[in-house]
């Protein structure tokens with residue numbers, strides 16, 4: 001154990017390939033890594049690297065926060081990291097019972113057409129129209145202990161929302177767009193405003209679906225045309241080890257846990273930092289694999305214009321069966337600056353890059369599969 005701790009510390013200290021080495025360290029299965037150097041923000045400020053961060057508590061009314069399923073902002077616990085200006089970590093600001101809404105949306109609603117998912121690459125659209133209906137009975141039987149093949153929901157690896165990224169050209173396009181979900185837009189707007197970005201507009205999103213053997217390689221989100229607005233990341237389900245590096249791929253990284261309900265904001269100088277997810281952390285055999293914040297509980301009646309709705313017992317039974325061994329991460333980003341347009345697009349609908357029909361879409365999906373191949 002002492003040897004592993006020293007190894008992890010050595011990787012952080014030495015810059016050359018430090019990120020890649022640390023990624024492999026935490027991804028390793030045998031022997032499993034030690035998590036002693038992984039920051040857990042739920043424990044508060046425990047060392048000189050973790051800082052408390054003040055949010056704009058008066059910029060979001062208590063009612064507006066509640067409409068997104070959030071506690072009043074003055075109750076949120078937000079942190080930063082020494083030497084990482086613009087990085088904000090908020091530990092689970094969700095009201096009891098409201099995370100269930102977002103888990104259900106990620107499994108039942110957001111994968112619906114016209115949104116795009118990894119299964120579209122090798123299945124006809126007619127077979128990916130309603131993954132929930134095709135999977136829910138299988139998941140219920142599995143939770144009852146019956147052996148079942150993988151459902152389509154369990155084969156889901158990613159879903160894209162709003163402007164869909166073209167993985168061939170590494171750009172967005174006005175011709176490759178579907179409506180962004182209004183409830184997720186509301187959630188992102190409340191969080192962005194509290195973090196000092198009141199003009200943030202949710203224009204694109206990627207949902208990543210992790211299982212216990214999943215990981216996400218080292219990368220940077222730089223293809224948006226406006227980097228002055230933050231990248232928002234929402235985590236639901238099983239915990240993960242997240243690595244936050246520097247502006248260069250080889251810069252050393254800091255390891256931290258992301259638990260269910262945690263929110264990460266990358267803005268300013270931290271907007272273009274490299275990052276990765278080397279490991280999903282399974283609950284110990286003695287623990288209920290369902291995180292406590294996702295256990296069923298009574299919810300107060302939401303405001304009339306709330307973006308968060310109740311989840312039926314039948315729907316949550318399916319969601320709980322899935323999330324006991326999985327994690328869903330939602331990233332939301334603004335693509336264009338306020339009032340901006342895509343290069344070459346001046347109202348005629350012809351941006352610099354278009355999907356170009358079915359063949360272009362297939363190339364796009366294949367490229368995306370390559371990028372997210374570790375999922």
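Cβ coordinates are placed from backbone N, Cα and C, and glycine is handled just like the others.
Database features, via TrEMBL:
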type     : residues      : note
BINDING  : 219, 221, 275 : Fe cation binding site
COMPBIAS : 343-359       : compositional bias 'Gly residues'
COMPBIAS : 360-375       : compositional bias 'Basic and acidic residues'
DOMAIN   : 200-336       : domain 'Fe2OG dioxygenase'
REGION   : 343-375       : region 'Disordered'
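Considering other CB atoms within 10 Å as the measure, the emptiest surroundings among the binding-site residues 219, 275 are those of 219. DSSP assignment over the domain 'Fe2OG dioxygenase' (200-336) gives 17 helix, 49 strand, 71 coil.
Non-local neighbourhood of residue 221 (Fe cation binding site): 231, 266, 272, 331, 333, each in the same chain, at least six residues away, with C-beta under 8 Å from its C-beta.
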